[in-house]
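What TrEMBL annotates here:
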type    : residues        : note
BINDING : N70, T109, K138 : 4-amino-2-methyl-5-(diphosphooxymethyl)pyrimidine binding site
BINDING : D71, D90        : Mg(2+) binding site
DOMAIN  : 7-189           : domain 'Thiamine phosphate synthase/TenI'
Amino acid sequence: MPSLGRLHLITDTRPGCDPLAVVRAALPVARADLVVQVRVDDDTTDRQAYDLARRVRALCVPYGATCLVNDRLHVALAVDAHGGHVGADDLPVAAARRVLGPAAVLGATAREPGTAARAVAAGASYLGVGPCHPTATKTGLPDPIGPAGIRAVAAAVDVPVIAIGGVTAATVPALRAAGAHGVAVVGALSAAADPGRATAELIAALTC
Ligand SMILES: Cc1ncc(COP(=O)(O)OP(=O)(O)O)c(N)n1
Ligand SMILES: Cc1nc(C(=O)O)sc1CCOP(=O)(O)O
Ligand SMILES: [Mg+2]
């Protein structure tokens, strides 16, 4: 399996957002180091999710970037995405692996070492670990786990750990020092005045 990109751009489909514009700005900067995870609101229809994922994949492929679909693995299969991401409210990891097949990239959410180890044993290719810091993007999250939480999970598994939750370029160094392979962001790119510049700042923090 090719190495996993270090910057995971999670699409923001809230009112006023333009997820494709953000993807188009990030791709020429991050190129193969970019993973675009198509994440849509719960009230988004499958047809809307399919149309967005199909367009994201088409943008990603020429740059060697990875296209994943959050939650809706049937949409990932339908658009021939590189894989998907599941959490506690989605298909269990073992079932998700059966759906996507052995070659797919399959991410799983973990917040502590036990869940993380079980997810890897069940077939996860990488782990999304957080929330690292406070975030207003998603409600109902547990308390932030900080770099210490990343360190605890990274010590327990041998797959890439992707830190998520309130991540900015300024917080990347501590997360990498704690063992994160990369980071996942929503607001740091979707709310940026210049998403291309924000991508460059995140990539610089991930590669220095
Ligand atoms: C990289 C990454 N990490 C964690 C998540 C959260 O996924 P999940 O727990 O399935 O929650 P929702 O995103 O479905 O609300 C993620 N999407 N990506
Ligand atoms: C989608 C998501 N999942 C999280 C988790 O911890 O499970 S935090 C999160 C939102 C991340 O957005 P931002 O980069 O704007 O903080
Ligand atoms: Mg989910």
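Every residue gets a Cβ built from N, Cα and C, even glycine.
Other Cβ atoms within 10 Å of the Cβ of D90 (Mg(2+) binding site) number 17 in total over all chains. In this structure, none of the binding-site residues N70, D71, D90 sits close to ligand 2 with a C-beta under 6 angstroms from any of its atoms.
For N70 (4-amino-2-methyl-5-(diphosphooxymethyl)pyrimidine binding site) paired with D90 (Mg(2+) binding site), the C-alpha to C-alpha distance reads 9 Å.
Annotation for T109 (4-amino-2-methyl-5-(diphosphooxymethyl)pyrimidine binding site): same-chain Cβ neighbours under 8 Å, separated by at least 6 residues, are H85, V86, G87, A88, A119, L127, G128, V129. In the three-state DSSP reading, D71 (Mg(2+) binding site) counts as coil. Maximum intra-site Cα distance, 4-amino-2-methyl-5-(diphosphooxymethyl)pyrimidine binding residues N70, T109, K138: 14 Å. Cβ contacts within 10 Å of D71 (Mg(2+) binding site), excluding its own Cβ and spanning all protein chains shown: 21.
Recorded residues D90 (Mg(2+) binding site) and K138 (4-amino-2-methyl-5-(diphosphooxymethyl)pyrimidine binding site) have their alpha carbons 16 Å apart, per Cα-Cα distance.
Each residue in I10, R39, D71, H85, G87, G128, I164 lies on the same chain as N70, T109, K138 and has a C-beta within 8 Å of the C-beta centroid of that 4-amino-2-methyl-5-(diphosphooxymethyl)pyrimidine site, without being one of the site residues.
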